[in-house]
Amino acid sequence: MRVVDKMAGLMWAALTLVIGLGLLVPSNGEEYICDSMDIRNRVSNLRQLENCTVIEGYLQILLIDFAEEQDYSGLAFPNLVEITDYFLLYRVRGLTNLSELFPNLAVIRGTNLFFNYALVVFEMLDMQKIGLYSLQNITRGSVRIEKNPNLCYLDTIDWSFIAESGYSNNFIVDNREEEECVNFCPGRCRIKHPVLQDLCWAEEHCQKVCPESCLGNCRDGISGCCHENCIGGCDGPTERDCVACKYFVHNGECLIQCPPDTYQYKDRRCITEEECPNTTNSVWKLHHRKCIPECPSGYTTDINNPRLCTECEGQCPKSCKGGLVDSLAAAQRFRGCTIIEGELKISIRGGDNIIDELEENLGLIEEVGHYVAIVRSYALVTLDFLRSLKRIRGIQKENGYAFYVLDNRNLEKLFDWDRTDITIDEGKLFFHFNPKLCRHVILTMVDKVGLPEHAITDTDISTLTNGDQAQCSFSRLEIEEINTSKDMIILRWSEFRPPDPRDLLSYTVSYRETEDQGIDEYDGQDACGNTEWKEFDVSPTQTAHIITGLKPWTQYALLVKTYTKAGAREGSGAKSDIVYARTDADKPTHPQDVVVYSNSSNTLIITWKPPNRPNGNVTHYIVKYKRQQEDVAEMEQREYCKGGLKPHRPTQGLEDIVNNEEEPNNSTIGDGTCCECPKSEDEIRIEEEEAAFQQEFENFLHNNVYHKRENETRAGRRRRELPVTARPFYSNQTVNVTLPSTNRTVPPTPTPNPNPQLETTVWNEHMVVLTGLRHFSEYIIEVIACNADAAVGCSGSAVELARTQADDSADNIPGNITVVEIKEDMAKLYWPKPDSPNSMVVHYNIEYKKLGSDFNYEQQEPKCVENFKFLQSQGYTISNLVAGNYSVRFRATSFAGNGSWSNYVTFYVEEEDTSPDPQDPQQQVPVSLMIGMGVGFSLLLILAVIFGIWYCTKKRFGDKQMPNGVLYASVNPEYMSSDDVYVPDEWEVPREKITLIRELGQGSFGMVYEGEAKDVVKDEPMVSVAVKTVNESASIRERIEFLNEASVMKTFNCHHVVKLMGVVSKGQPTLVVMELMALGDLKNYLRRHRPEEDVGLSDSPASNEAKNSPFAENDNDLPPTFKDIIQMAGVIADGMSYLAAKKFVHRDLACRNCMVAQDRTVKIGDFGMTRDIYETDYYRKGGKGLLPVRWMSPESLKVGVFTSQSDVWSYGVVLWEMATLASQPYQGKSNEEVLKFVIDGGMLEKPEGCPNKLYDLMKLCWQYRQSMRPTFLEIVEILSPELQAHFNEVSFYHSLDNHGREPLEMDDVALDSGADTETEMYPSGSEFSSTPSPPSETPYSHMNGSHPQNGSMNLRIPKSTLC
């Protein structure tokens, strides 16, 4: 036995080594370096990570809504081993585990952190395990894992081994409770550090812990340390075997320093001088053997070589980009700057010690490249703070002026010319509306800068508005129009025409927030220039202005006035009255301070506060709640009897929230009751710091996540909101305006879905009581605020988790214990399990005693048995019993704690009689019989082996003798017999005649290629074809099924049915050669032609996938016209009429199974071979067959019978698909709801803008009784007048095969006609699961306005439909 155990251990070690080495990505291969990645909105965007081995920057995966777990299947990025900054995961739905996505991510450097953290997992609602089992080093920063309600395996990871430097600052809270997690680590994951503990990422992956001698760096699978220059592991002992390098990597080798003639780049790799970025927009510096973006402190760019840095002599020149100084914070951006590359514009209205602050921040500026403008700086008295200014180059000027001073009410002095010498290279001076600035002060500057005084005009320097205190008279300026939106106001006013047009310098638009009306233009100002008014200058040639960046639902005061020359005639100025306007409403921010508590086992009470920014009149709130499903199968794997169970505390009641229950902080007063002890100052300070830090982190997260998109003109999203998507999370809300404001207790809405997301609307209240909930269950709660204006939408969700209280009697064992069997020294007992326990039963306690014994019943230690073991053995067996009477009782234990003990049950164990009975024939076995049985069994075994070898040989090499199977179009390959075989025939094509050109996409059995076939078509030496393949890993049965489904088309010869060109069945891989349909399938064709202006459709994942298809390059982007739709409908009906004439029932007619040729002719094709590509269009029955329920007729859904008339129903759905450009039928309904809806007589609604005549044809196809539906020939007859003339030449309807057929009238068809072939897909009693339909676009018709509503088609309705 020990030998066997030892061999098993060696095999396991070897397997671990192979797997480890197979997953390892050695760095000595070619690196594929990617920049920072921000992946959001769609799962498909993850493919940007393909081939990346190192991300030099951060990786953010966030805000992916409406995704399911299966959407991530097939996605894996094993090449990625290193991230140099941080890794952020935030609100990604459907993602449960990272082990498959990033199996080899080993290092997160943390060069730049996300708010002090290198790894952040925040509000990942579906995440169950982190699973980064290769992660070995976080070299800088900490870990923050918070608010992940399903995340387990956190206590089985020792982060001190991974993030040693930031371990003390790790923040891991508000995830799934430990006692609710399985957290099962295999025995090989047990280490001693310093105490014995199990460390693993999941049940199949241990945490890698290296010996102390290796300094956290060891090899995978075998013992041994990595080279000292490695981090993240290695696959060998040298510096070339590292997964990642601790210092620098160069040519696949990890080094402490870069070699000569190379430069350190981004602190991780060595590059040559040529590789250091050197472009027009980015000139990196070569300094001290580093390639860096800017010169370090104390150095400046070399004048002769911009690639080098030279040490400064004295004050180091510092170049800065120009900009506006409108506050002290803005001035601080120029601290230390000596050269301004651009303009220096100062417009500062006030502040404490403003001159000192400006001198400290702007006092070193020596040169300005463009111009200096001092505009409306009411707090300035002098410009002496620009004490070092020596040169204004005037490369770009403000309307021709290099020094521009306008409207500075308190400016009295310019510069101290005894210490200042300013040169202006180009441009003039401009001084206007500086009432305290004397003219001689201005002329002094004119002289100092070297401008001739005679070159100065009144247009440049006003003789009347500088140094004067004169009041100007104003004419009335009329505001003609005010338009508002949620964040801007558009003003239009009457044109002002002074006697001399040159007198008008500009208009000034002023605005400010105000709650009241009746203010004047001087309100909000003081003598120091502090003002609440904001102003904009507008060109004198314009009489309109757009004020942007405003707050929604806010009242603003508006004023327009003119600036004219002071020397102009009386009445040359004008201003308007102050008018008021309110911006439009917008969606509010999410509700604040959501608190959920439970006061009973079936109730949750939710309270919240209004949004910080209601942005309108918040009238109601939508509260959504859904019970969190528990993975019972996984949770039962934990051995609760060994580890013990800490009862889970449900969500607190209101009293618990208000009062602190911790006993050490309580004291007793005179009446014996407890009161809360006051907290110490240190405790209060720590709580305040933690709360402030938490708020600061979440603000940082939201401000960095919800950033404004590039090229986006609308206002950026408000922070702390969920993103707005094309399909709002609250799109199915129901607003009941008659609901009383006092009705706050709302029971959950009944629904067939066993665990739906429910919602209720709360009007004019900030609390709701949810009743009828399941006891001791965790619910995810979302509270959404909505304004009265439904058009602006609702807020993002405020999300909380809460658990109802336990039901005290739910864990009690119902009924009595049954003694199933008593045998020798054992008794098998069975008892019924609790019907509806608190969460789930984890184990049972069993107490038994022999009656008459002297030990006390209550003092006996109970036995413990896990629930899953009890279920597996159908009871519990007590062994090692001696004869006598016994008494036993049981109790169940759930996550809520122990249930009540059951009643006593007694049983009797008889004394065993061990003496043999010579008269018992069962105890007498003849030796001859035993020998005969052994020989017979050996012979049977030999015969079975011989038969197995013969059968496998026949299956593998006996293809020539295998008969053909039955051929028919199968939606469900699982239902085909495994005996179906394929025999090569005249359709066989030599493999060498087929040439593959490029991939077109993935098919049901394998890849589909575009190719060329030689000498396959008569008189055509080379033709383009589509080649379907079967995967090399496919089984023999799958290859035969692949060939048999292709064989269906061998008997077809119709222009509107895809033609089979040949089959290559000999050798591997198996090929099926088809007619090339250059524009792909009709579903993607329609989606590629959706108009771009349909925002929510053209941006959908399905539309993007269709537009990125290989077929798109053969296509144009114009949507099909109504005439095109009718033409497509006609040719599809013609192809189906041919199949009906051949007694062939398609059973899966849909746009996905129709193909489009280069000339846009549509043909019936594929016959069941596309179901894997569009798996979301199918519905799996009982884990087996895939059914296209959204295209199936009522009789097919009810009894599983398919005829050509059921194909006509599917044809009507195809017409609906074409009218909506391939929207999904029955959107918003689950597959089970669709099944019931159709069986009950429901049909698809008319798409918006769809012509009545086309919808009438759809309804004809959707007649409930199949005998009332038209045949495909009748449909062609109806449509033929609208079809192109070429149709008559190629159609089956006009062919000799159909010649002489009398048009089939509807009344000629028997009600229960069995003329067509009937096939039964599934038994009538089949059960259907309630899998919801996948998210899809809102149905629409692209034909709005393109034709009269009544259409131009003369639709002839068959006689029988008139009844």
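Here the Cβ of each residue, glycine as well, is placed from N, Cα and C on the backbone.
Database features, via Swiss-Prot:
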ACT_SITE  D1148  active site, proton acceptor
COMPBIAS  1322-1331  compositional bias 'Low complexity'
CARBOHYD  N51  N-linked glycosylation site
CARBOHYD  N97  N-linked glycosylation site
CARBOHYD  N137  N-linked glycosylation site
CARBOHYD  N483  N-linked glycosylation site
CARBOHYD  N617  N-linked glycosylation site
CARBOHYD  N665  N-linked glycosylation site
CARBOHYD  N666  N-linked glycosylation site
CARBOHYD  N711  N-linked glycosylation site
CARBOHYD  N732  N-linked glycosylation site
CARBOHYD  N743  N-linked glycosylation site
CARBOHYD  N816  N-linked glycosylation site
CARBOHYD  N898  N-linked glycosylation site
MOD_RES   Y1174  phosphotyrosine
REGION    739-759  region 'Disordered'
REGION    1091-1117  region 'Disordered'
REGION    1316-1363  region 'Disordered'
TOPO_DOM  950-1363  topological domain 'Cytoplasmic'
TRANSMEM  929-949  transmembrane segment
Calculate the distance in Å between the alpha carbons (Cα) of N483 (N-linked glycosylation site) and N97 (N-linked glycosylation site), and round it to a whole number.
51
Can you give the mean pLDDT for the topological domain 'Cytoplasmic' (950-1363), rounded to a whole number?
73
Let me know the DSSP-derived helix, strand or coil state of N483 (N-linked glycosylation site), please.
strand
Output, ordered by sequence, the same-chain residues six or more apart from N51 (N-linked glycosylation site) with a CB under 8 Å from its CB, or 'none'.
Y32, N79
To the nearest Å, how far is the Cα of N137 (N-linked glycosylation site) from the Cα of N816 (N-linked glycosylation site)?
57
N97 (N-linked glycosylation site) versus recorded positions N617, N816, N898, D1148 - nearest by Cα:
N898
Quick one: among the glycosylation sites N137, N483, N617, which has the most Cβ atoms sitting within 10 Å of its own Cβ?
N137
Going by a 10 angstroms cut-off between Cβ atoms, which of the glycosylation sites N97, N816 has the sparsest surroundings?
N816
Which one is it: of the glycosylation sites N617, N816, N898, whose Cα lies the shortest distance from the Cα of D1148 (active site, proton acceptor)?
N617
CB contacts for N898 (N-linked glycosylation site) [other CB atoms within 10 A, all chains]:
14
Quick one: what's DSSP say for N51 (N-linked glycosylation site), helix, strand or coil?
coil
Need the DSSP three-state call for N898 (N-linked glycosylation site) to compare against my parser.
strand
Measure from the Cβ of the residue listed as 'active site, proton acceptor' and count the other Cβ atoms within 10 Å, all protein chains considered.
27
What is the separation, in Å, between the Cα atoms of N617 (N-linked glycosylation site) and N816 (N-linked glycosylation site)?
60
Determine, to the nearest whole angstrom, how far the Cα atom of N898 (N-linked glycosylation site) is from the Cα atom of N816 (N-linked glycosylation site).
18
